[in-house]
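Undergrad: Pulled from TrEMBL, these are the listed features:
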TRANSMEM  A:21-39  transmembrane segment
TRANSMEM  A:45-64  transmembrane segment
TRANSMEM  A:71-89  transmembrane segment
TRANSMEM  A:101-120  transmembrane segment
TRANSMEM  A:147-165  transmembrane segment
TRANSMEM  A:190-218  transmembrane segment
TRANSMEM  A:230-251  transmembrane segment
TRANSMEM  A:263-286  transmembrane segment
Amino acid sequence: MDIQEYFSLVFSDYTLRTITLGTAILGAVTGMLGSFAVLRKQSLLGDAISHAALPGIAIAFLITGAKDSNILLLGALVSGLIGTFWIRGIITKTHLKSDTALGLILSLFFGFGMLLLTFIQKQPNANQAGLDKYLFGQAATLVESDVWLMAGVTVVCLFVLLLFWKEFKILLFDADYTKTLGFNTKFIDVLITTFIVLAIVLGLQTVGVVLMSAMLLAPAAAARQWTNSLGIMVFLAAIFGAFSGVLGTAISASQNNLSTGPIIVLVAATVVVFSFVFSPSRGLLFKQIRFIKNRRDLELHKTLAFMYHIAETHEDISHPHTIKILNNFQGYTRGTLQKLVKKNYVTLDGNMWSLTEEGFNTAENLYNQQSTSNE
Amino acid sequence: MNSAQIEIQLIASLVAIACAIPGTFLVLRKMAMISDAISHSILPGIVIGFFITQDLNSPLLIVLAALTGIITVVLVEYIQKTGLVKEDTAIGLVFPAMFSIGVIMIAKNANDIHLDVDAVLLGELAFAPFDRLEISGVDVGPKSLWIIGSILLVTITLLLAFFKELKVSTFDKGLAASLGFSPAIIHYGLMSVSSVTTVGAFDAVGAILVVALMIAPAATAYLLTTDLKKMLGLAIGFGALSAISGYWFAHWLDASIAGSITTMLGLLFLIVYLFAPSKGVIAVMYREKQQRTEVSLLTFLLHLKNHTEKRERHVNHLQEHINWQKVRAKTVLDLALKNNMITISNDIVSLTKKGNTFTSKAIDYIITNEDTQIEDMKEDFFLFRG
Amino acid sequence: MDNIAVKVDDLTVAYNYKPVLWDIDLEIPEGVLMAIVGPNGAGKSTLIKAILGILKPIAGSVTIYGNPYDKQRKLVAYVPQKGSVDWDFPTTALDVVMMGTYGSLGWIKRPKQKEKKAALEALEKVGMLAFKNRQISQLSGGQQQRIFLARALAQNASIYFMDEPFQGVDATTEIAIINILKELRKAGKTVIVVHHDLQTVPEYFDWVTFLNVKKIATGPVKDIFNDNNLTKTYGINYKVSIQK
């Protein structure tokens, strides 16, 4: 199956439709909430939470023996929240720094989860197969009820987001100030964190524990480059997330042996790289172009100033001078001279140049500006 | 115990020690999450190396993978420098992308490559003794033992040679630069050692356990000491202890050795986190409670010294005006009475002579604002422990 | 004496149980423009934060016009240190100033025309109206400080607390800010400023509090701003040549 075939089948084929809808919704909700994680400088918290969710899945299975994904996700939620609060405990109660706390919880919970998973695999119980889909995710195992769950959570999340938009925004920007205005910052904080954990847990089945954090970060990091408004950023992040989900699913469905999670992550990463390079206001490409342009302008101004100093010594400002005396000046090139001519600052006559009135005045202004800014 | 079991424990211990050394510096330099990034993003390096060498234990593969690790660090630092995203986000963006590339490469070449993704995450320590190194036909032991042994040897040599530089640059970058050793060289040296160690440990214990082995022993040690040498020693000890106890736990459970070692590391950390003598949570909470009383007492005495008017010195004032809960007010009052700091007549509290000198001295110390001076005072005045 | 705007009683605050403020008693009369001065680590910002309820004191109480802060918070505006927030946050100058109205709006309600008008007026007062749609990272340090001041003005409060508003601003902004502060005082508001530059205290302020872990002195600048109190506060033999 190639990609075209995929898109022609996606509306008719039940399985494809379910998977695509699932990854699209997941991408949208993680993109939205990821914006908050990124702006709160908690980018790596998502990574820690998703890893910390693994033992919860295993324990939920060990207790219930059932593979009902809702129960497993509940286990993931509980253990993800325990991980989150333990991280906070480590940071506030000991002198270990946040990166150590994150790395600790991430690796220790994950290792424990893997121990339980291998333990489960050795049990004489035919039911255990498929738990390891939570490692890298298998979008193919999504069923309609999973998608309904995701959609439900997304709607609730959207509702809460709109309801508390003002409170979220001000808390993200200036928490202390928010407190002085009488808002219960702890409540807002717990609300945001809970939704982030919820979104991560929902994504485990599709993208997996290991790569989940990228779903949270990549769309938000990309969206930040295109806008300076929080609302548009959150909206764009949702779009980018959904786009990565759908395109990732399409690519992995059209090839053999490709799990969906890594492909979605790579699509999202491509969106990030594209945004980093091509965003008009922040992108590296335009920054470089602006940088070169500024340097050229500066060279032009320097040459003009140099000419101005020569012309100054003569009574007639348009007194012609030979081009040769420009040669030992650094900023001078044939190109800059041509540009000066084009701007009507300088006229050329064979080997001689002379400053025009306009050129002289411009140079004088530049000179004055510079000397005032130096003061 | 058969020889394979001994060999596994030996390999696991060496891996733990080799990880604990760079891990200590990563934790101290607040770069713990970099090890997470490296351990994930060397995967494509390993896969490419495997295509070329067809041997998971080839030195070339280790070099290639370590190079990928360095590239990751450079890439993360480049993204941070652009200022387009905040520091952490750069790490979080790079390693999942690199890891995904690795996973896809494995999946696309599943037939040619005997690497499976579970092994990447968990390692295959149980099989390590079966891949043996033979020199001119003589079996000299498992290959991975030799690899991790050499890496450990290099690490220890570098540690001994550059201990002073590492120490200074970890605690005071400015000083290091002024003494003439470039922080950048130390930084990338440490990153290289971390990468090589990660690769060496990778096929024994897997990507995530490497992170656990780097961070957990060092973090646990850091809760017990702040002396660099002691911290290194403790981290090595904790690593080796978890490796061996983890092996036997896995043996008993019949489950993953790597997962079991991590669990042991986790238990160890939990115990120290709770019970460490001065930095454990319980000790901290106990100290906080004591300090609360101490601070309350001093506040109370200072208040008495500041106010001569009777209204301010009435017993009830403590509750009404200083705004303490009843219990604490009573504790403080009793404590002050017991130490002959105050006298109470007609519900009016007054400082005794002893209380007065004590308070003056306390204020002097506190205004100087130095911890060491307050420590001194704690010895002078038994009260602080009462 | 006139009305007391802020009354602090026996306030003790500690970070990690290390005391940073000790048994502070302070009465700030209504309508003064007051500087809080003291060396680094003297607890100046801590005092403000404790008054505003950002930090929880170990002991003591604070009242604003006779009532606890929680009941009076609509009377109080706060200008935090400029460095305390991330200026790369995706939002505009107007948006930040609008946040000043969130407190009177309360939970959930969105700002409407009335709030926008208040924000625009505040922007105009600080001379930043032309920059209202500018992304905040593209403002200079002085402009960012003015935005923070405008946000507090939009709160339309009676008492203003400012944490080092002159830190890292250009001379023009400093003059603009002090003029606004003087205007506020003229309108009967009370302004409390954490201040670093001792030289400008007599010129800018009419009231001063010396602080170094405990309160050294408080009162009118003309009475108490002298070498004796400066020496007590800064520890060393402090001499400033100040024209009075």
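Cβ from N, Cα, C; glycine included.
Unlike curated entries, TrEMBL annotations are predicted automatically.
Each of these features: where is it, how hidden is it, and who are its neighbours?
TA: Under 8 Å from some Cβ of the transmembrane segment (A:21-39) lie the Cβ atoms of residues 45-46, 139, 142, 146-147, 150-151, 153-154, 157-158, 161, 168, 172, 192, 195-196, 199-200, 202-203, 206-207, 215-221, 223-224, 230, 233-234, 237-246, 248-249, 260, 264, 268, all in the same chain and six or more residues away from its ends.
Away from its own ends, the transmembrane segment (A:71-89) comes close to residues 45, 48-61, 63-64, 98, 101-102, 105, 109, 134, 149, 193-194, 197-198, 200-202, 204-205 of its chain (Cβ-Cβ under 8 Å, at least six residues beyond either end).
Nonlocal intrachain contacts for the transmembrane segment (A:101-120), taken as residues 6+ away from its ends with a CB within less than 8 angstroms of a stretch CB, comprise 44-45, 47-48, 51-59, 61-62, 79, 83, 86-87, 90-91, 128, 131-132, 209.
Among residues of the same chain six or more beyond the transmembrane segment (A:190-218), those with a C-beta under 8 A of the stretch's C-beta atoms are 22-23, 26-27, 29-31, 33-34, 36-38, 40, 42-47, 49-51, 53-54, 57, 69, 73, 76-77, 80-81, 84, 110, 113, 133-139, 141-142, 146, 149-150, 153, 157, 160, 164, 168, 171, 240-241, 244, 260-262, 264-265, 268-269, 271-272.
Same-chain residues lying 6+ beyond the ends of the transmembrane segment (A:230-251) with a Cβ under 8 Å from its Cβ atoms: 3, 6-7, 10, 19-20, 22-32, 34-35, 39, 139, 161, 165, 169, 172, 215, 218-220, 222-224, 258, 260, 263-268, 271.
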Undergrad: Take the transmembrane segment (A:263-286) and find every residue of the same chain, 6 or more past its ends, with a Cβ under 8 Å from one of its Cβ atoms.
TA: 23, 27, 206-207, 211, 214-215, 218-219, 221-223, 225-226, 228, 240-241, 243-245, 247-249, 251-252
